[in-house]
Amino acid sequence: MDMKKPFELRVKPIKNGTVIDHITANRSLNVLNILGLPDGRSKVTVAMNMDSSQLGSKDIVKIENRELKPSEVDQIALIAPRATINIVRDYKIVEKAKVRLMDEVRGILRCPNPNCITNSDEGVENRFYVISEEPVLLRCYYCERLIEADEIESQF
């Protein structure tokens, strides 16, 4: 019996740009929303539910000819706290960094408590303390409401 190796489709490497690896499974579309993609110009590759020895399964996003702003990386950390950002130049990874949640998150999310002062006309900036990184759990600085990962994800 002739056992042939199954055909394996591989995504071609990018010459320049960013690869976001180890995204929590099924959250790559949230990452695209954070980055304002698709935008009609950028070449983007999305791989979802890929096998991962670390996570079980993961998503990957490749964006050609674009490097991320620190504010974008901060937002990605909220929905994919184990993500890795790889900067690619001339087909080589020149920089690799894990996303990191800051101790405090400001101005990115809104508090889901309708009675929180940040949801009034006072103009108070949203501010949250990071209680847990995995899973992500935040506490509102003002009303102390806990915000879990699914509530965070729904805002992107």
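Every residue gets a Cβ built from N, Cα and C, even glycine.
If you look up Swiss-Prot, you'll see C111, C116, C140, C143 marked as Zn(2+) binding site, on the strength of similarity to another entry.
Annotated features taken from Swiss-Prot, shown on the structure.
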residue : record              : DSSP class
C111    : Zn(2+) binding site : coil
C116    : Zn(2+) binding site : coil
C140    : Zn(2+) binding site : strand
Excluding C111, C116, C140, C143 themselves, which residues in that chain have a Cβ inside 8 Å of the centre of the Cβ atoms defining the Zn(2+) site?
P112, N113, N115, I117, T118, N119, N126, Y141, Y142, E144, R145
Could you tell me which of these binding-site residues, C111, C116, C143, has the greatest number of Cβ atoms within 10 Å of its own Cβ?
C111
Proximal but sequence-remote residues of the same chain as C140 (Zn(2+) binding site) (Cβ under 8 Å, at least 6 apart):
C111, N113, C116, T118, N126, R127, F128, L146, I147
